[in-house]
Amino acid sequence: MEDFVRQCFNPMIVELAEKAMKEYGEDPKIETNKFAAICTHLEVCFMYSDFHFINELGESVIIESGDPNALLKHRFEIIEGRDRTMAWTVVNSICNTTRAEKPKFLPDLYDYKENRFVEIGVTRREVHIYYLEKANKIKSEKTHIHIFSFTGEEMATKADYTLDEESRARIKTRLFTIRQEMASRGLWDSFRQSERGEETIEERFEITGTMRRLADYSLPPNFSSLENFRAYVDGFEPNGCIESKLSQMSKEVNTRIEPFSKTTPRPLRTPGGPPCYQRSKFLLMDALKFSIEDPSHEGEGIPLYDAIKCMKTFFGWKEPNIVKPHEKGINPNYLQAWKQVLAELQDLENEEKIPKTKNMKKTSQLKWALGENMAPEKVDFEDCKDISDLKQYDSDEPETRSLASWIQSEFNKACELTDSSWIELDEIGEDVAPIEHIASMRRNYFTAEVSHCRATEYIMKGVYINTALLNASCAAMDDFQLIPMISKCRTKEGRRKTNLYGFIIKGRSHLRNDTDVVNFVSMEFSLTDPRLEPHNWEKYCVLEIGDMLLRTAVGQVSRPMFLYVRTNGTSKIKMKWGMEMRRCLLQSLQQIESMTEAESSVKEKDMTKEFFENKSETWPIGESPKGVEEGSIGKVCRTLLAKSVFNSLYASPQLEGFSAESRKILLIVQALRDNLEPGTFDIGGLYESIEECLINDPWVLLNASWFNSFLTHALK
């Protein structure tokens, strides 16, 4: 980009832009997009004023070449491009001679014909958005705003465009040329995305009373009053590099910028302790489903009817027994709860008309499992404020857990293809504009790659369970409602299929606030023997409930079937996000689209078809101890989708913190790989803030392990 700027713009403009950046302590070699933006803005300001004069009669005239002796005065005074001191001197002088109101911010030009200051904007975004930002910042009706975009759009105060059509067309053509030149060098995308909005300055308002006392009390050292501090902040000149800015700060601050080299970063320290356990709201790769193809039974589509029909496809039920108890729970209660579900489903069958929903009898085992009457009694604060030793109960620090191999296996499985399609190709009608055609083509290619993916099954399962649970929580607050865990898909031949994974029993659900918790017991079918990795199933009581005949290469084999039972809980806000898990498809589609865009911008034509159909090309998928893993574009789509789905399934404060903080190191490492010589301070503090998020969450621990692999290979 730097080379492009030096070739594309007049040397005088380049020099002025460099001076302006240095005045603000910015380096044109590093902030190359900003360098290009400043040059573009300067050039537009100069073009705006070029050839515009005022003659002896005070009329505005356009003269491109003519009599050098004619008594002409430049119509526009150029303020942009001067150093700050000189620029303010010019503004003050104009205000004194023309009685114009002094602007709060340095404008770009003064128009002697219209007697007004002019603010020129050049934007890579929508003109009206940028116009509003400018107007918000300036807050003055006296300054005229004129915005140009790289797409040929413009917007001006009161639609008064000041200049003639031809002068404005010259500016638009030049901007379009700059855009084309950038695109041909693959620079446009990065330039377009790097634009920041206008910073707005808050209005001054008076602070009085308690707030004023608090403000005075919380001033940094060395300041006697809020006024002093305000005056200091207003006069804080942001020139010079970061160190000089820091040295201008309080004497308490002392820090040095350390160079960041290949040897600076160290691997993250991951916690020790027992292996981490499964904590998703439903089973993932270990789930087993009973299915019916081409369902056409009476009441098809009513969850309870579908569930009963699915249950009838299995004939290997046996007397259930506990094979892996829950360490802390009353395990016979879980066993009795399952027997109760079977018995009450059987009772339904004996009724003439099966109801649409089923509320379970409030037995002692269900009351225990759903925590009925377990909430501590609430006491009015007035009744206990005189108790001298009143305190919040001590809570233990969470026990640290180490990374276990099962979470990587879960992730690998989520990226795989199943033999069913879990989403339909959306029919959105005929495309009207060419861009819609490209967009729907990309969507169709992406859908084809992910519709059979296991992560997509998890999305549909999550959406169904959360929707059903939220509905039941609102419709049957006091009831222990039985909710089947169902999903729907299509087979390879296009036949419809309904699947049952198990059941949920919901507890009392008077959910007033978003974070109020509803307890539920989940009971899920599986063929996974919990005794192989008992640490994985710490939160579950597992029963053996039947034997299933499986077809294998050597004939039929009988395998024990298990039921994974646990008490769990969720809240309105979690269910709301769970219902919106389809967003994961959108997020990963957008990531793929930006890859397609980058490819298209390099080649200067739409590369969607080649991108998805070139089966020989491989793309980086992720890091492993072996190095950078690569795969087909379909594999990339499915991996990105699985990451997005796992971020939703394993959402937690630990994940939020880890993602936000570790990203900072990734950005610094990227800057190092781009030879931008990054500098840092308090890198130890950054590591601390990342490592305090590594406690016991399986998905966060796996991401930390990937992060360490990335560091190893990125800095070789």
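The backbone N, Cα and C atoms fix where each Cβ goes, and this holds for glycine too.
Features as listed in Swiss-Prot:
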- His41, Asp108, Glu119, Ile120: Mn(2+) 1 binding site (BINDING)
- Glu80, Asp108: Mn(2+) 2 binding site (BINDING)
- 124-139: motif 'Nuclear localization signal 1 (NLS1)' (MOTIF)
- 184-247: motif 'Nuclear localization signal 2 (NLS2)' (MOTIF)
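Here the features listed in Swiss-Prot are placed on the structure.
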residue: His41; record: Mn(2+) 1 binding site; DSSP (3 states): helix
residue: Glu80; record: Mn(2+) 2 binding site; DSSP (3 states): coil
residue: Asp108; record: Mn(2+) 1 binding site; DSSP (3 states): coil
residue: Glu119; record: Mn(2+) 1 binding site; DSSP (3 states): strand
Using the recorded Mn(2+) 1 site (His41, Asp108, Glu119, Ile120) as reference, state which further residues of the same chain have their Cβ within 8 Å of the centre of those residues' Cβ atoms, listed in sequence order.
Val44, Cys45, Glu80, Pro107, Leu109, Val118, Gly121, Val122, His146
If I take the Cα of Glu80 (Mn(2+) 2 binding site) as reference, which of the binding-site residues His41, Asp108, Glu119, Ile120 has the closest Cα?
Asp108
With DSSP as the reference, give the number of residues of the motif 'Nuclear localization signal 1 (NLS1)' (124-139) in helix, strand and coil.
12 helix, 0 strand, 4 coil
